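Going by TrEMBL, these are the annotated features:
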ACT_SITE  C130  active site, nucleophile
BINDING   S23, K48, S49, N127, K164, I192, G221, G249, G250, G271, T272  FMN binding site
BINDING   K48, N72, S73, M74, G75, L76, N127, N193, S194  substrate binding site
DOMAIN    6-293  domain 'Dihydroorotate dehydrogenase catalytic'
Amino acid sequence: MTEIDLSADLFGQSLQSPLLNASGVHCQTKEELNDLANTSNLGAMVTKSATLQAREGNPNPRYHDLANGSINSMGLPNLGYDFYLDYVLEDQQKPTILSVAALSAADAITLLKKLQASDYQGPTELNLSCPNIVGEPQLAYDFEATDQVLSEVFSFYTKPLGVKLPPYFDLVHFDQIAKVLNKYPLTHVNTINSVGNGLWVDVEKEQVVTKAKGGFGGLGGAMVLPTALANVRALRQRLNPSIKVLGTGGVTTGADVFAHILCGADLVSVGTQVMKEGLGVYDRLAAELKEIMAAKGYQTLDDFRGQLKEL
Ligand code: SIN
């Protein structure tokens, strides 16, 4: 039988597999990052989104497994920008995307100015979409503010930079965000962050399941797969070909990875399913993906990437 090749590309670095962790899952501490570096079939890794200062995040409980996914209100707990910068500069053992999150537009500029002045030359992702910060909006839902931030960032920033986006639900919004993003030399978009401000009700206890924000939190896992696929597809159809699409959301099987790539994803991230199943999930997903590709007669990811058929 012909060998199935899952190799992929991260902005010029070749990867053994198209699979990533979703930022936030098993990537906060040095131990967790080292675990990811040692995980087979994980092609590249993403750090927990770093803020300028370390953050405790929201009070517990802040993550809850649901039958068809999860709800979280983590609130960006992280060890701070300096820790993650040191990690990618000193300890990196596998291709890594440094994720950074700003609590305000001004923060984003400060963070990226520091990064521009640093020795780090690798890929960075600016998280414009965390739904769980009390009192702060998801910046990428404000198209004008996103345009302003990116315009200022790219007036000084010259290293590889992409953005993490929230899910969009209206075709007009896909047009509007793509118009903004296409103005800038972005390496990639990562779509989607969790579906913000869902609410789960524990009927027996008659109460919410996470503490912050009255129980409102980001949804992930199987229930968001159709939304994630729609965002990958819609953005791939609208963005400049030079802007890669990292598909995140709803992956529980190799078929889901296949579907993301068929919609146009260059790489595919897994979040909730890592929480549920552990890091062994990547071996299973890679094996299932290879099985599907073999059955269909595909040898490489390029054989079907973006080839979704319409009726
Ligand atoms: C969180 O820390 O609240 C989740 C991260 C994110 O949604 O960006």
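Each Cβ is built from the backbone N, Cα and C atoms, and glycine gets one as well.
Taking the features listed in TrEMBL, we show where each one sits on the structure.
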residue: S23; record: FMN binding site; contacts (Cβ under 8 Å, 6+ apart): V46, T47, K48, S49, I97, S99, E125, N127, K164, N190, S269
residue: S73; record: substrate binding site; contacts (Cβ under 8 Å, 6+ apart): N58, R62, Y63, N132, T210, K211, A212, K213, G215, F216, G217, G218
residue: G75; record: substrate binding site; contacts (Cβ under 8 Å, 6+ apart): R55, G57, N58, R62, N132, I133, V134, A212
residue: S194; record: substrate binding site; contacts (Cβ under 8 Å, 6+ apart): N72, P131, G217, G218, L219, G220, V224, G249, G271
residue: G250; record: FMN binding site; contacts (Cβ under 8 Å, 6+ apart): G69, G220, G221, A222, M223, V224, L225, P226, T227, A228, L229, D256
residue: T272; record: FMN binding site; contacts (Cβ under 8 Å, 6+ apart): A22, V25, G69, S70, G220, G221, A222
Entries of K48, G75, N127, C130, G221, G250 (recorded positions) sitting next to ligand 1, with Cβ under 6 Å as the cut-off: G75, N127, C130
Helix, strand or coil at T272 (FMN binding site) [DSSP, three-state]: helix
Packing count at K48 (substrate binding site) (other Cβ atoms within 10 Å of its Cβ): 26
Per DSSP, three-state class assigned to N127 (substrate binding site): strand
Protein Cβ atoms within 10 Å of N127 (substrate binding site), excluding its own: 27
